[in-house]
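In TrEMBL this protein carries:
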- 14-48: domain 'LRRNT' (DOMAIN)
- 234-285: domain 'LRRCT' (DOMAIN)
- 298-318: transmembrane segment (TRANSMEM)
Amino acid sequence: PVLLGCGSAQQPGSCPALCECSEAAKTVKCVNRNLTAVPPDLPPYVRNLFITGNRLARLPAGAFPAQRLPDLGALNLSGNHLRAVEAGALATLPALRQLDLSGNPLVSLSPQAFGEGGSPLEELALRGALRDHGVLLSLAAMLQSGALRNLSRLELADNGLLLLPAGMFTALPALRQLDLSNNSLVGLRNVSFQGLGQLQSLNLSDNSLGVLRNGTLAQFRGLPALRHIGLGRNAWVCDCAVEDLVAWLKESDQVEGKEALTCAYPDKMLGKALLKINGSDLNCSVPVDMPSQLQTSYVFLGIVLALIGAIFLLVLYLNRKGIKKWMHNIRDACRDHMEGYHYRYEINADPRLTNLSSNSDV
């Protein structure tokens, strides 16, 4: 038996050192072995490959032997200290359906990681792997390129995301589950969900959302398959801007646990359930956005003044001849008046003329 075991270790398809293999389950596990590279001698029967808790650092092109893993469908590379996934690193896996890169401090993710022809990948997990903003932009470029058009599940939780790149999900027509929970999202104004006709579940819980605008709510209404929306544990701001959200919550059956959604601001509304808010609580008689209203008033005032100025100039133009005659009359009157002053000055300045002027006979 020992000789047979040694002989089998040298045969193609044998289990790599530091790994555990099960041909019956089509599974190979290389867990917590301090590996620095993907084992080159993986058995060709593997369908489920776990390389986790190691020190791979980077996943270069050709990391997986070409044509050697035709049936590999599930690949778990979580917790490997991966910092870079290079172009073509996953291009030689024709049957890959599930990929988990969670828990890796990625700083570089090539948009061509799956090659030029795209991938059959259906599930992608990146939990806690997108702390670097550049990696988020690279992922957005990859998704927008159409390389992952078959993706049905995308997990982006635990990444501290504040905002999402515009149009990030527009090329994912098969997407059914989108997990954005436990981030720091403050708004969805630049996020488009249009085109996600298959989307069934959207998790937005544990973020910093203060309000959902009409545009976002309209997109939710327009997704025919969307049945589950998670909005719990967000910092809802209960002012006049929340009215549309409250109305949508009351009419929608998509939001899970909507009865537990409560206000975080202002202090007087703290802890109040969103579904129990009414108009008297919000006091919306005072304009919400005073700076924008003042700006509008200034613009209107400027337009009015411009019209008045234009009318004034038109009147001047139409009466230019009369105005010119009136100016000439004013000039002549002023000249006669000044000549009178000049004559009196000459009389007063000459004593002889003064005596003559005082003589009534003269």
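In case you wondered, yes, glycine gets a Cβ from its N, Cα and C as well.
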Model confidence over the domain 'LRRNT' (14-48), averaged pLDDT: 95
For the domain 'LRRCT' (234-285), residues assigned helix / strand / coil by DSSP: 25 helix, 9 strand, 18 coil
Secondary structure content of the domain 'LRRNT' (14-48), with strand meaning DSSP E or B: 0 helix, 9 strand, 26 coil
